[in-house]
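Features of the protein shown, as given by TrEMBL:
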BINDING   9, 10, 11, 17, 18, 149, 150, 151, 188, 197, 198, 199, 200, 201  ATP binding site
BINDING   137  L-tryptophan binding site
MOTIF     10-18  motif ''HIGH' region'
MOTIF     197-201  motif ''KMSKS' region'
Ligand code: AQP
């Protein structure tokens, strides 16, 4: 059976980009067709300046939101990365096959290190090595597929390179995975700056729809989205990034495709209204379920505990094999 692994970082409140680009596909498609693991990758949240209490709260919230989004622990494994030691164990071995040049070529590293310096902070070594930890997340489980938004495809490419290199040098150990981004909304853009990605850790809250935004708040953000010059409502991401982003969001909510919506709306205003209502309707059931689960934290804790146990059982044999293959003496 196909094995799938994917995750979400507790670096901020989950966004519409996370949902349309990743989580919805996990819930609606992936968990039904494969042996799937979904993880709150909390170790990744430590790669930039962080507040420990906030990371814990966001990890709890992200776990609850994954379940509220429809992940069913009877169908898939939901867990928190730091509850399973195998991720960190394997990450070190992969650091021994990766090169610093490869790490420095990662687009996210370049962008985020600039952001950290602009904020007056220093750049943590873990920000540089984070793609290796992500590779360990994936390879530990022998995942065939990694459903992620487009922003993560370069990291999955690196994961493939590391797996192939390790297998070649030390004997076949890892499955070589591939990224499987969604057909629509693989890259939802910021509503106030449609040339950059809607990211949960970005500073501009006005351009980001959070999954837990009240309906009126979400509606207003979309109605105030930056649009482009001209009046025609056409899908053209190069010339009309703002309008195209709204078409993309609307199409993703309706399960259609954005090109087919070109010319359907008479004005930018009409498009914004339609997109705002579609998003509000999309989020309603998720928010209702989230409220219920917040009142049942014992259930969420139980899911995460069982998830971690299952994940550990799956990861340990592969990580142990990698330890032996690379030349480490097994404990007596
Ligand atoms: N805007 C997006 N459009 C489509 N997919 C997206 N994803 C994230 N943003 C978008 C996908 O959601 C999954 C989890 O993402 P993440 O937690 O790794 O990244 P993030 O929300 O982008 O968080 P940050 O902290 O704000 O990260 P940076 O600073 O890296 O942007 C992934 O599958 C991702 O592709």
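Cβ atoms here come from the backbone N, Cα and C positions, even for glycine.
Here the features listed in TrEMBL are placed on the structure.
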residue : record                    : Cβ neighbours (10 Å)
9       : ATP binding site          : 27
11      : ATP binding site          : 21
18      : ATP binding site          : 25
137     : L-tryptophan binding site : 28
150     : ATP binding site          : 15
188     : ATP binding site          : 26
198     : ATP binding site          : 27
200     : ATP binding site          : 20
Chain residues in Cβ proximity to the motif ''HIGH' region' (10-18) (below 8 Å; excluding those fewer than six residues from its ends, i.e. six or more beyond): 40-42, 44-45, 48, 50, 55, 58-59, 61-62, 65, 149, 185, 187-188, 197-202, 208-212, 249, 279
Collapsed DSSP category at residue 18 (ATP binding site): helix
Contact set, same chain, for the motif ''KMSKS' region' (197-201): CB under 8 Å, 6 or more residues outside the stretch: 9, 11-18, 48, 151, 187-191, 207-210
Cα-nearest neighbour of the residue listed as 'L-tryptophan binding site' within the listed binding-site residues, 9, 18, 150, 188: 9
Residue 150 (ATP binding site) in three-state DSSP notation: helix
Largest separation between Cα atoms (Å) of residues that the record links to ATP, namely 9, 10, 11, 17, 18, 149, 150, 151, 188, 197, 198, 199, 200, 201: 19
Helix, strand and coil totals (DSSP H, G, I; E, B; other) for the motif ''KMSKS' region' (197-201): 0 helix, 1 strand, 4 coil
The motif ''HIGH' region' (10-18) [mean pLDDT, rounded to integer]: 96
